[in-house]
Amino acid sequence: MSEIRLFVTTTEKQAAAILDVMSVNFEEEGYAVATMEIDEKRDVWEASVYMMADEEESVKSRLADALAADFSHLPIEREVLPEIDWIAKSLEGLAPVRAGRFVVHGSHDRDKVKTGEIAIEIDAGQAFGTGHHGTTAGCLEMLACVARSRRVRNVLDLGTGSGVLAIAAWKLLHVPGLATDIDPVATRVASDNARRNGVVDGLTFATAPGFHSTAFGTHGPFDLVIANILARPLMKMAPELVAHIAPGGSVILSGILAEQRWKVLAAYNGQRLKHVQTIWKNGWVTIHLTK
């Protein structure tokens, strides 16, 4: 599904004021907002809010209402953001990524794996997650921390993407796991990656558009849930996600910008989860909480 940018073009001063309006109305729900300079000499700026395509109509209506009092004369414009193969892009010229004992590498870098490292081979494909992004690397580091301190008997990787986190959990813990994604392409890619990494038993892959999927009930509740998604869906799904965590279990949350951390924490503290640790990487955070 495409991502949409709704934006208003104006001066720097007005863009800052509009950003404040956007922040008040959308940031708490996890929408990203931003300003950018377009033309320094002419003082042209854009204030933007980002959402998925199926949310555009609702967000645009709310934005128009929020801007009506002071900025109704400024039109709301839209841009459909390009769908980029981030896997291929992230692997261009990048060395293997090391996070704790894990090393995530492409097939061209197999010879760079050191003795004692847990190697995960992920090549360019159609699903997100090569370890180069701060969220994936943060999850790998946090997974190692959880494994050292808590007993884990089964794992859920929610929004598995390339399958890198599910594969990492299996290689480290050797316990049954369920890896789900709303995208059937991602599910297929993740399953293929698991086989390529020698994981032929113990991991189940399922396309699951929501928690009503029977896969969650069949394989859960889970001692460890890993969800590297985005702040807004993480907050929205908090009650259902927590319901699938076993008593005393853990959840690793990522896909969260540093400034969104407190909002996500509030959503899960509201479900009576306790914060254990936060890892900060390149403007992103990975959070560990327990039930």
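Numbers here mean position along the shown chain, with the first residue as 1.
Cβ coordinates are placed from backbone N, Cα and C, and glycine is handled just like the others.
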*Please state which member of Gly159, Gly202, Gly249 Swiss-Prot lists alongside Thr136, Asp181, Asn228 for binding S-adenosyl-L-methionine.*
Gly159
*Span of Thr136, Gly159, Asp181, Asn228 around S-adenosyl-L-methionine - largest C-alpha separation, Å*: 16
*Within 10 Å of the Cβ of Thr136 (S-adenosyl-L-methionine binding site), how many other Cβ atoms are there?*
30
*Identify, in sequence order, the residues in the chain of Gly159 (S-adenosyl-L-methionine binding site) that are 6 or more apart from it along the sequence and have a CB within less than 8 Å of its CB; answer 'none' if there are none.*
Thr180, Asp181, Ile182, Ala227, Asn228, Ile229, Gly255
